[in-house]
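Participant: What follows is a structure written as structure tokens; I'll ask about it next.
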Amino acid sequence: MKYTLTRANPDADQYPLQDRQIVTDPLEEEVNKNVFMTRLEDVLHTAVNWGRKNSLWPFNFGTSCCYVEYATTLTGVHDLSRFGAEVIRASPRQADLMIVAGTCFVKMAPVIQRLYEQMLEPKWVISMGACANSGGMYDIYSVVQGVDKIIPVDVYVPGCPPRPEALIQALMLLQDQIQLERRPLSAVIGDDLQPVYKPKMMPERDRKNAQRIAVKNLRSMDEIK
């Protein structure tokens, strides 16, 4: 008499000859529909970041001609209150957003750095204009070749000077970054030197590269306004 050994298949049906349909637990289905399971830390970070990105308080100061466009952005025509950034503060201790609008001179660099240090955490910086980004056309001894040489910058706005719409787009990009950040929920609890995670955002130049290359019919100089 011959014997054959067959290895058990754990994925096989328990009752292969039974035609009865196997359904999931109805209680489990109701729980999945009505109960949202997540970590409390993720919920708190999402809620706190939502509040931070929609209540930015810009610091009202300017270093050069780009401040004219910055002040134009604050007018009612552009309605900056849609983004929760209409509360302009004249004190660095009451602001959390610094917009460096214009040329950063060597004599002005210590002042900007001091003002940045006086701002409380969390704080962000927008570099507005070619001069603030890289010195612009002033490649001379008296101009700092980029404000990021003295303070960290989150968003760069190109242009000389940039239009108010460009600054609004920079504000929206900063809001996207703030939503993905992970900061200590409280400076009272835990160590003061807790790490701060800032996501690495893709530059708009790279994100819209394929869209620009796909354009074949360019407008003439007379049509550009």
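Backbone N, Cα and C define each Cβ position, glycine as well.
The feature [4Fe-4S] cluster binding site is assigned by Swiss-Prot to C65, C66, C131, C160.
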Participant: Tell me which of the binding-site residues C131, C160 sits in the most Cβ-dense spot, judged by other Cβ atoms within 10 Å.
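Facilitator: Sorting the candidates by Cβ neighbours within 10 Å, the top entry is C131.
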Participant: Can you give me the same-chain residues 6 or more apart in sequence from C66 ([4Fe-4S] cluster binding site) with a CB-CB distance under 8 Å?
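Facilitator: In sequence order, the residues whose Cβ lies under 8 Å from that of C66 ([4Fe-4S] cluster binding site) (at least 6 apart) are A101, G102, M128, G129, C131, A132, P161, P162.
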Participant: I want the residues beyond C65, C66, C131, C160 whose C-beta is within 8 angstroms of the mean position of the [4Fe-4S] cluster site's C-beta atoms, in chain order.
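Facilitator: Other same-chain residues with Cβ inside the cutoff are S64, A101, G102, T103, M128, G129, A130, A132, G136, G159, P161.
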Participant: Going along the chain, which residues six or more apart from C65 ([4Fe-4S] cluster binding site) have their CB under 8 A from its CB?
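Facilitator: In sequence order, the residues whose Cβ lies under 8 Å from that of C65 ([4Fe-4S] cluster binding site) (at least 6 apart) are G102, P161.
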